[in-house]
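Everything on this sheet refers to the single structure shown next.
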């Protein structure tokens, strides 16, 4: 029973906290020649504090389950030391934990005998996952969470093994509220953001004061590009928890996208005072300097975030963006590649790689990476536009493919209204006047609704005036020409000329035969 308590604490507390657990000397006596087990634990604890993992493992060898735990810790420690010595230029290494084989052998035997509990199953699942036995690891972790559903670490490892919706749906999980948390998180990782949002909103009905659930709802809405709602949620989170740093880097991304200088400055100052040695804090400050145009300083803070956590995905991606701004494409490519190594499903890093190769004048490589990003996030209009622009380059000049991409972008809530204008231009270039007029008219309606002015508006008015004149629809042509007279420049003179031509042709039509 004492071992179960010890192991449960291991899931949620650091290693030093495990060994400081209160155990009565008289309640734990092992087969160590009459020596109380608490003295063995005390010696193992001291060796552990001195970073002598293998020796602490030896001291615990009277209990097989504890030996597995310490062997794994010792193996992981040796692995980390070798990784530091053998890391390649991108921080990669092929170092493995040499203790995994013996641990797997013993845990497998315990599982077959039925003498392993849910925490032992969790450890067994970890070992199998590291060895690449994903199917068996999933089965073992499912058994672990069904036996003890409150071990979130087991749920997290199980989620990492569910790379498709089919795999997720095939899991035989018991009904429990922890399952709902797991599914909501898994849906988010599988880019099923609407389903994730529904799950979290249902959970919020039960856990109405949970800051965690609020933050997860904000994440889902951020992925759906509902920035206004995301901003409202994070403002409420900061009111409820003024010292919160978790997930605040996402809030800084929203403020960056909306170019809210003062709000981002205030947030950066706030997290700096709270805890400047957190990866999230460094990323927020990096975003602040990026918005100010100080890209070198921004890179410095993203590097600091990576020193604190070398697997912090956002820092690698954002640092890649900064290198693109600085025109340092080789460094940008390295940063984006590290990001996709950490998470191959990060569409932003694939998109960044496409941008970098496009800058280097390599459209075929760029197209490959843009396709990967679009596959992962098909609802993002920016990715379709980037791929369409790649098809338009001189080397490819695949205008039909570009048109298909722009159509997809237009159907994906293209907030920048780039797709409609480009569709109109491409159709006009290919001599399809009717289709071009259709898209110019739609683009013009949106610009009028948003009260936008600019060269695109003038271009649309000019094309429609000429098109309707050619179609003998003189009244419509006259309307567009009259609007062009409000502008100063060459378009005004062109409009006057068109109006003279329209009136002449209208007079000719009304002449008696």
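Easy rule for this one: first residue shown is 1, then count along the chain.
Cβ atoms are placed via backbone N, Cα and C, with glycine included.
When pLDDT is averaged over the domain 'Cdc23' (74-218), the result is 86. Residues annotated as domain 'Cdc23' in TrEMBL: 74-218.
Within the repeat 'TPR' (279-312), the DSSP-based counts of helix, strand and coil residues read 27 helix, 0 strand, 7 coil. Among the features that TrEMBL reports, repeat 'TPR' is placed at 279-312 (among others).
Taken from TrEMBL, the feature repeat 'TPR' applies to 313-346 (among others).
According to TrEMBL, the repeat 'TPR' annotation covers 347-380 (among others). Packing against the repeat 'TPR' (347-380) from elsewhere in the chain are residues 191, 224-225, 313, 316-317, 320-321, 324, 327, 329, 332-333, 335-337, 339-340, 386-387, 390-391, 393, 395-396, 408, 412: each is 6 or more residues past its ends and has a CB under 8 Å from a CB in it.
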Tally of residues which DSSP labels helix, strand or coil - the repeat 'TPR' (313-346): 27 helix, 0 strand, 7 coil
